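Before any comments, here is the structure.
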Amino acid sequence: MTGSNEFKLNQPPEDGISSVKFSPNTSQFLLVSSWDTSVRLYDVPANSMRLKYQHTGAVLDCAFYDPTHAWSGGLDHQLKMHDLNTDQENLVGTHDAPIRCVEYCPEVNVMATGSWDQTVKLWDPRTPCNAGTFSQPEKVYTLSVSGDRLIVGTAGRRVLVWDLRNMGYVQQRRESSLKYQTRCIRAFLNKQGYVLSSIEGRVAVEYLDPSPEVQKKKYAFKCHRLKENNIEQIYPVNAISFHNIHNTFATGGSDGFVNIWDPFNKKRLCQFHRYPTSIASLAFSNDGTTLAIASSYMYEMDDTEHPEDGIFIRQVTDAETKPKSPCT
């Protein structure tokens, strides 16, 4: 299954994989959260697990604050900060319901968490302590940082754009342009917009500038759909990750495929081989050379027999990730 440009990590989590995140400054270290209640740190080139720490419930997301500190949250409502050098942990705070998302906002130096308790909380990582709680209209399903803005996707297909420097009001209230439940949002690196995916095999490319001439550029497309016995099977698009150098992005779906897209020319650049089961999470390394792919059954068809969960590390090339110059 794996070629010379790809390998599977040893000692994978023992249950579903919820999130994979590369260290901010190296493709050597990968943080992985899991339903087995663990957060694991892998040394990728050595293909070994460096460290593991536990929550008391499934961990739904994790993030690096800096190269030596991991943050994580999940079903136990607890937000933890773990020092990866000393193996010391700190219970930073809690939500009133499971924590679904954990993200670092480097431009304003805060951690943001989104929860099913219908709030986003900001945390000062230096102290560490709570720096504010902000009500959302519904359960938070996904969030993404765009410079000093925070884009929050909730139940009810709502999207809220917050200014992290002034959280006194919501900067923009939007509705998803897709008809079905939002699964993932990731911001463009140029801070001009975001990509949103749904459970119904679609992806939308949206722009933050509300002016009509910019809004004309937005579009949506179908993906992660397979014809089987002349019937189109439609799969959730669970994961999105941007390539830091080329501004292209990868999507992962419950069909087990990873696609890479050029949003500027509206083209698919490539599709990798089919992975054993659903793609639950994706992460490009900061330098864009490596893609971590979590192949992990997400119980779309209830508790049936399924392939074991695994993390694949793939070396990617410019041919796979760089936009093609449009024909003139």
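Placed from the backbone N, Cα and C atoms, the Cβ positions cover glycine too.
Keep in mind the model is a prediction, meaning the values are calculated, not measured.
Sequence annotations record features per position, and here Swiss-Prot assigns repeat 'WD 1' to 5-43. Summarising the annotation, Swiss-Prot assigns repeat 'WD 2' to 46-83. Positions annotated as repeat 'WD 3' by Swiss-Prot: 86-124. Taken from Swiss-Prot, the feature repeat 'WD 4' covers 128-163. Residues annotated as N6-acetyllysine in Swiss-Prot, with similarity to another entry given as evidence: Lys179. The feature phosphoserine is assigned by Swiss-Prot to Ser211. Residues annotated as ubiquitin cross-link in Swiss-Prot: Lys216. Summarising the annotation, Swiss-Prot assigns repeat 'WD 5' to 223-262.
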Seminar exercise, completed: Reading the DSSP string in three states, the entry for the residue listed as 'ubiquitin cross-link' is coil
For this session: Identify, in sequence order, the residues in the chain of Ser211 (phosphoserine) that are 6 or more apart from it along the sequence and have a CB within less than 8 Å of its CB; answer 'none' if there are none.
Result: none
Seminar exercise, completed: Expressed in Å to no decimal places, the gap between the Cα atoms of Lys179 (N6-acetyllysine) and Lys216 (ubiquitin cross-link) is 19
Seminar exercise, completed: For the repeat 'WD 5' (223-262), the averaged pLDDT of the predicted model is 96
Exercise. Any residues 6+ beyond the ends of the repeat 'WD 4' (128-163) with a Cβ under 8 Å from its own?
Worked result: 81, 90, 92-93, 97, 100-101, 103-108, 110-112, 114-122, 170-176, 178-188, 191, 194, 196, 206, 208
Seminar exercise, completed: Secondary structure split (DSSP) over the repeat 'WD 1' (5-43) reads 0 helix, 21 strand, 18 coil
Seminar exercise, completed: Sequence-ordered list of residues in the chain of Lys216 (ubiquitin cross-link) that lie 6 or more positions away and have a Cβ within less than 8 Å of its Cβ, or none, is none
For this session: Taking the Cβ of Lys179 (N6-acetyllysine) as the centre, count every other Cβ atom within 10 Å, in any protein chain shown.
Result: 10
